[in-house]
Amino acid sequence: MRQIIIAGNWKMNTTLSEACTLVQGMKYELDQISGIQKIVCPPFISLAPVKTILDGSSIHLGAQNLFYEEKGAYTGEISPLMLQDICPYVIIGHSERRAYFGETGQVVNRKIKAALQAGIMPIVCVGEKLEENENGQTRQILETQMKEALAGINPSSIIIAYEPIWAIGTGKAATAAEANNTISYIRKVLGDIWGNTASRITPILYGGSVNEKNTAELLCQSDIDGALVGGASLKAESFVSICRQAADVRK
């Protein structure tokens, strides 16, 4: 059985002091929750101090992005080598990176390769826009994104996150059945690329307005292995509640 993973993507939120306060406010409660993987992804400047706070904790740390080169004249970028000793996870290919910073499937692919080379597990994001969903293009878009992201990469330890763009930060989530149906298709595409064994063991998360009210229903679905949580991860009590519900699903 695939382990449930709950990852909190803080995006461009929290100052350094706010990040430390937030993680301190959830650390004790999260450490009481077992049977699931818990990940928090604060902004880059907070990674090191948050890591110190989480030392010895069951909570894992992730970055929100990286660049595909190890070092050099790439002003403002963060390399895999810089993250290697700080966090075991990194989000790659989030729709906001694709939309605001022009990240293509080829760039996402290079970043995944760089993360794996550095021993960092990528959380690879895929998802369709509202108009693509309404035009019946969801499967086509997701298949293209998956094939571009994993081109030339052998079966590896990765996490996939399905985030329908129309549901991110809008309060409008896919129904549990819709999300499960789409994730089942993503798993089929992964099987076509990497084979059935890799498809069966790779965790696929749902993201997009995940909150305390819809978590349990989402995680009861057969193909949904967890959640990539946005806004609700910025409140300690909400994130703890989501993680607690996730653990209860597997009891």
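In case you wondered, yes, glycine gets a Cβ from its N, Cα and C as well.
The Cβ of H94 (active site, electrophile) lies under 8 Å from the Cβ of N9, Q64, N65, C125, E163, each on the same chain and at least six residues away in sequence. Here Swiss-Prot flags H94 as active site, electrophile, drawing on sequence analysis.
For the recorded site, E163 (active site, proton acceptor), the DSSP three-state label reads coil. The Cβ of E163 (active site, proton acceptor) has 25 other Cβ atoms within 10 Å, all protein chains considered. Swiss-Prot lists E163 with the feature active site, proton acceptor.
According to Swiss-Prot, the feature substrate binding site maps to N9, W10, K11, G169, S209, G230, G231, an assignment based on sequence analysis. Take the CB of G169 (substrate binding site) and look out to 10 A: across all protein chains shown you find 12 other CB atoms.
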(request) Around the Cβ of K11 (substrate binding site), how many other Cβ atoms lie within 10 Å? Please give the count over every shown protein chain. (result) 19
(message) If you count, for each of the binding-site residues G230, G231, the other Cβ atoms lying within 10 Å of its Cβ, which residue has the minimum?
(response) G231
(request) Determine, from DSSP, whether S209 (substrate binding site) sits in helix, strand or coil. (result) coil
(message) If you count other CB atoms within 10 A of each CB, which of N9, S209 wins among these binding-site residues?
(response) N9
